[in-house]
Structures are given as C-alpha cells and as structure tokens.
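Report on the following structure.
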Amino acid sequence: MVRPVRHKKPVNYSQFDHSDSDDDFVSATVPLNKKSRTAPKELKQDKPKPNLNNLRKEEIPVQEKTPKKRLPEGTFSIPASAVPCTKMALDDKLYQRDLEVALALSVKELPTVTTNVQNSQDKSIEKHGSSKIETMNKSPHISNCSVASDYLDLDKITVEDDVGGVQGKRKAASKAAAQQRKILLEGSDGDSANDTEPDFAPGEDSEDDSDFCESEDNDEDFSMRKSKVKEIKKKEVKVKSPVEKKEKKSKSKCNALVTSVDSAPAAVKSESQSLPKKVSLSSDTTRKPLEIRSPSAESKKPKWVPPAASGGSRSSSSPLVVVSVKSPNQSLRLGLSRLARVKPLHPNATST
C-alpha cells in the first residue's frame, strides 16, 4: 500500500521579523475565520430589556380579538402558556373528565331502568290477574307459597295439581279407615266375650268416604268413631299382654326341657307334642304340669364332666385318668444358634 502524499503549507517566517520575543507570535490583525466574542455581548447590552407587564398587556388584546369557542358544560380551555408549567394538573383534569362522563352516562341510564321496572311491574300485575281468574274457574285452592309466586309461576303448578292432591287425601283417609276396621274385626273374633263388636262393617267404606269428603258434620262423626276405636284398641292390648307373657314363659320352659333331657328322647317327643295343645288353653292349666315335671327333669340331668377326662373315661372305668404328656423342648430346635446340639435326622446314613 502506498501512502498518499500530504499537502503541506509553507510557512513564511519573514513575517515575524526574526525577533526572539514571545510577543512576535501574537498577530496584530484577527483572522477572518474566527469570530470575536466581545462583539455580541456589546450588542446585547445595547438592546433594552422588555418588561413583563408590557408583554402581558400585549397578550390580552390578542386573546380578546380571537373569538371564544363555546365549550360543553363541565369542560374548560387550558392556555398554551400554562401547559408546560403544570404537568400534574393535566392528569387530574383528565381524571375529572372521566368522572363527568361516567356521571353523564349514569344519568342517561336511570330513566331507561325506571321504564323497564314499570314494564315488568305491569306484566306481573297482568300475570297475577290472569292466574287469579284461572284459579277461580278451576278450584278455590290457594297456594301455600308466600315467595314471589308471580315470577316463579308457582300458582300454575298448584292449580294443575289441585285435583290429584284432593283425590290422594281421600284415598289415604279411606285406606286408614279400612285398616282400622280390619284390626278391630280380628280382635273381636278372638276376644268376643270381653270386647264389644264395632258398630260399622267393611261394606260401609264407600259411604263413609263420601260423607267424610262432603260435609263437616260427617267429619265430626268420624272423629267420634276414631276415639271409640282407640278405646277398643287399648282394651285389646291390655287383654293380649298377659296372654302373650304366659305363652312366652311356657315356650321357654319347653326349650329348657328339650335341651336338658338327652337320655329319654321318646319322653321328650311326647311332652313336646302335648305342650302345644295345652298352650292354647288357659294359663292356669299350663303352669301345673310344667311344675310337676320340672323336678324329674332336674334329677335326670347328667353331671358335668371335664373335657380332658372325656377321652380317658371311654377307655377305662375311672372317670379321671391322668395322661402323660412329653415336653417338646428336647426335640425342637429353638432359634438358629450354632452352639445348640441337634440330633441327626438320619443316624443310619451317618454311621455307614
């Protein structure tokens, strides 16, 4: 690479008059390229300083000449001179504008909401009136629901199910009456001497049901009959309770006799056949034979023999025989200790 040749300006030292002093280097004339710093300062001092009051007076007529624009309510103009000085004020003003817009929107929405509420109230009144007319036409049933029945359409549901509910109540009442009559008839067959027979028969069910649903007088008669039925039931319970207790006692004694007497099965069979027949009789007759036979049954009970001696009694005549038992500690190897001496399993194989 060849370097380019530098252009050098020759210096004429003849201008400096060949003097050795340092003042020779200072030129009397200022070069044209450089600007003097002292000249602009002098020019600035020559100009008069404008007063602030004069500037304000000049700005005011200019603003008055320009026509003012009418702004919407709640907004105001910001002068151009105040913008750079107040930056935080702009954010606050924007926030206030947003609030005003929101308030204006809410004011506009309020009348629409009120109109909607009025329309809904009118509709609900119309629905309520129509539902009342339907209920009066179909049945005089009134719904038990106190919660906003107009909005939930509860009146319609109750109106549709009125007929089924009344029929179900009638059926339930008739079934209950029929069951009570059956129970009374069964009790009167067993204890005819002590108890009185009921005044009404099962063939009168339909008549009683119709009377029960038609008028209040028949309802009072039905309540009187119910009270009579309850009194008859109490009497039956009192009569049946001692009989049931006697039967339970006789059955428990029969079971004790069957379990205790093992040596005479034939006698047990004859007693078990005769006992059910006697149970149906009065309680006095059932107690006497049981009391007579109880000592004989106690005498025939076998004495208790311990289970360990049962095996020896069969082989020998003596009831108690001592059986010799060897302790298993000799042949058993407990643990895995190497020092324990163990007998060989096959002594013949080791000897050979």
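Just so you know, glycine gets a Cβ as well, placed from its N, Cα and C.
Residue-level annotations in Swiss-Prot identify, among S36, S120, S130, S316, S120 as phosphoserine. In Swiss-Prot, the feature phosphoserine is assigned, of S21, S143, S188, S270, to S21; the remaining candidates carry no such note in the record. When the ranges 76-79, 304-307, 336-339 are checked against Swiss-Prot, the one recorded as motif 'WVPP motif' is 304-307. Screening S280, S310, S317, S331 against Swiss-Prot annotations picks out S280 (annotated as phosphoserine). Ranges compared are 154-159, 172-177, 340-345, and Swiss-Prot records motif 'SIM motif' for 154-159. Swiss-Prot records phosphoserine for one of S294, S327, namely S327. Within the set S19, S192, S210, S315, Swiss-Prot records phosphoserine at S19. Sequence-remote contacts of a segment are chain residues at least 6 beyond its ends whose Cβ falls under 8 Å from one of its Cβ atoms, and the compositional bias 'Basic residues' (1-10) has none.
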